[in-house]
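These features come from TrEMBL:
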DOMAIN    20-171  domain 'MARVEL'
TRANSMEM  30-49  transmembrane segment
TRANSMEM  69-92  transmembrane segment
TRANSMEM  104-128  transmembrane segment
TRANSMEM  148-167  transmembrane segment
REGION    182-226  region 'Disordered'
COMPBIAS  206-217  compositional bias 'Polar residues'
Amino acid sequence: MQSSAYGASLAGGAFDLVNFVTQPQTILRCLSWLFSVVVFATITAEGYVNPTQEPDTKCIFNKNDSACSYGVGIGVLAFLACVVFLMLDAYFPQISNAKERKCIVIGDLVFSAAWTFLWFICFCVLANQWSKTSDPEAAVAPDAARAIVAFSFFSIITWGLLSFFALGRYRQGVSEFDQEYRDPANDHSTPYPPAPYASSSGPTGYQQSPFSHNQEQPGEYQPPAY
């Protein structure tokens, strides 16, 4: 029998575009996708400058190329993850296998929680390096640097909310699984309840046959009278 955990019993319905677009998770994924594009695209386009006294380009965040590379890497992976999870969210109602639905929910929870933490690190690193940047370098692209830091902070919020919704779906799936499984010994709703004399050798209401006493203790033999 197919398990109904994680909403597997409700699978197979028609795809509702309006319901999918208005879901909080869909809106948050689109925002996360947009924020990641702003971060890595801005760093790629305006995050590197070429000082007049140096031949190579340097990151605008205190000339720390690792900070720019970290922001680009986190942003690109977040961009790809949002696309993948959006497709999984659209296909999720059609999945009837409870194990596959559970894997998707757990994967969403783990990835969202991990990227919330990684975006927090990205925000802290970029904000710290920007605060240490000297004034001549800050005059090159100050608006771009502030936008990168700001949208890194916004990404923490959106991915944190995605983690919250993923945790709610996971708890709901676990609750459905617990409600579905019942111990037969403690389940009083089954059509065949346990026998009342299961622990005894026979029924408690058994009475001895009325003829057994006469058979065990027969009277004296009396010959017939002629």
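Note: Cβ is positioned from N, Cα and C throughout, glycine not excepted.
Automatic prediction, not curation, is the source of TrEMBL annotations.
Note that the structure is a prediction, hence the values are computed from the model and not measured.
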Averaged pLDDT, computed only over the residues in the domain 'MARVEL' (20-171): 90
Outside the transmembrane segment (69-92), six or more residues from its ends: residues with CB under 8 Å to it: 15, 20, 23, 25-26, 29-30, 32-33, 35-37, 39-41, 43-44, 47, 101, 104, 108, 111, 115, 118-119, 121-122, 125-126, 148, 152, 155, 159
